[in-house]
Amino acid sequence: MFWINGFLNSFAFGAILFLLAVGFSLIFGLMRVANLAHGALFMLGGYIATSAVGLGFAGAVLVAGAACAVFGGILERTLIRRLAGRELAQVLGTLGLAFIIADQCLLVWSGDPIAQPAPEALRGAVGFGGIVFPAYRLALVALALVAFVGIWALVERTTLGARIRAAVDDREMARAMGIPVSRLFTTVFCLGAGLAGIGGALAAPIMSVYPGLDSEMLPLALLVVILGGIGSLTGALAGSLVIGLVYTFGQMLLPDLAYVILFLPMVVVLAVRPQGFFGRQAA
Amino acid sequence: MPSDAALSFSALNAFYGDSHILHDVSLEVAPGRILALLGRNGAGKTTCMNALAGLLTSRTGRILLNGRDISAFSPEAICRAGLALVPQGRRIFRSLSVEENLAVARCPRPPDGRVAWTDEDIYGLFPRLKERRRHPAGLMSGGEQQMLAIGRALVTAPRVLLMDEPTEGLAPQIVAEVGGIVGRLRAAGLSVILVEQHMAFALKLADEVVVISTGRVVDKAPASAFQADPARLEEHLGVH
Ligand SMILES: Nc1ncnc2c1ncn2[C@@H]1O[C@H](COP(=O)(O)OP(=O)(O)OP(=O)(O)O)[C@@H](O)[C@H]1O
Ligand SMILES: [Mg+2]
């Protein structure tokens, strides 16, 4: 029972991590922007969902995702695109942004953790062969898989996705072929920010929302991206799974060493395969 | 400046930082004509093409496409207005398949009676691309990549095509094939500015020839005049 529960909790946490990390990874891989405000967008999504819960749980998640997507789009248009190609400016700028967002959240939602009830229909447990699973956690795993397939189809199977890949291959030539690269990059940023917001909203019932959630989650997203490989969708999924397992079992078995255990696989991967599990060798 | 030119530009100046590369270059090409732009290595031919396509923003001068002033347009808008680039070195989207390279550049409903080339039209011109349509473009041969670069420009429904050394590094047989294609494009009503190092190839195809040297136009005449007097080209292009 201990192990089965541990695995399910790991997968559920991995699902949350995937929603957070995949946007970070896409934005970093496609636009070469390390958006350190990504964790803050996750937390913001969680807070917005707690306030919007009157719309029903699904409604609150959608509102949180949409609000973060719009907010992310505005950030990209006004600030982040001005930092293009300047790494230090990006790190400082997006980190500063993260602080500002966190501070505003503190102002609006106070410093107390806010609990979010799981949706009515998913509060119970589901039994398989005598073993019971909490339904909400199972639903999280299913949702993450749906998101994975959806993003994969968007990037690999639509003209929009092909245009994004073309702009990554040769930005200048993409523009010369009539592709509105600047608008595409805003779209990617909106998508990543929206997924982070949805992730925060979905995480609220199992983690609740509290100040510091952002800076707790961001390093985990970075770990996922480093493990899985920057810009790789499959890598984000595999990395989330690994970090979900390591984090959950680390907390259960060796709570004092949880951070060591977390960063150990990263050190090993960086030493053996610096581009991550699924990353392409730097061109 | 006659208003019936497909593309005309005047007093084009272009810069890379502090270096002034193009000096008051003026040209025009009529509908359905081929203009060869010749010059030595480093003369400024690519600079001229990129400045016209909007990739080089540090430029002054007036560019008219079918009488419409596109001087201040972004590269995207220039392409949508009907001026397409086949760049030097091909620069196809390497990680995309052939099909995707065409799909991303396609202008689905071109305005003002411009011809929308379909995938089938492109595969009709280049049957080899059809066989390779699901192949990653970056893994194809140089000749196939050149065909794709031409196809990719055509699906944007251009009026005027800028071709920057389309035969560079290709086997003679492929060069001949590209020559045939350029001829067919002219027959389809397109205007072409053709930058070339292969003099014989360019003179055979072109209607007009313009020679530039260190960023200035130094000679300009119908192709027949250069064919009749080979020494005339030697003067600006030959190795001294
Ligand atoms: N990115 C750049 N920055 C600075 N100078 C450049 C740049 N690109 C080209 N130049 C210079 O501009 C001049 C014109 O170059 P350009 O590429 O237009 O020549 P070209 O006629 O196309 O030559 P080629 O036949 O070799 O393709 C050259 O002196 C070159 O050194
Ligand atoms: Mg050149």
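Each Cβ is built from the backbone N, Cα and C atoms, and glycine gets one as well.
Whatever TrEMBL says is automated annotation, not expert-curated.
Per TrEMBL, these features apply:
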TRANSMEM  A:7-28  transmembrane segment
TRANSMEM  A:48-75  transmembrane segment
TRANSMEM  A:87-111  transmembrane segment
TRANSMEM  A:131-155  transmembrane segment
TRANSMEM  A:184-208  transmembrane segment
TRANSMEM  A:220-246  transmembrane segment
TRANSMEM  A:253-272  transmembrane segment
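Sequence-distant residue pairs (6 or more apart) of the transmembrane segment (A:184-208) and the transmembrane segment (A:220-246) include fewer than 3 whose Cβ atoms are under 8 Å, leaving the two stretches without contact.
Counting Cβ pairs closer than 8 Å to the transmembrane segment (A:131-155), the top stretch among A:7-28, A:87-111, A:220-246 is A:7-28.
Long-range contacts of the transmembrane segment (A:7-28) within the same chain: residues 34-35, 38-39, 42, 133-134, 136-138, 140-141, 143-144, 147-148, 151, 155, 188-189, 191-196, 198-200, 202-203, 206-207, 217, 220-222, 224-225, 228, 230-233, 235-237, 239-245, 247-249, each at least 6 residues beyond the stretch ends and with a Cβ under 8 Å from a Cβ of the stretch.
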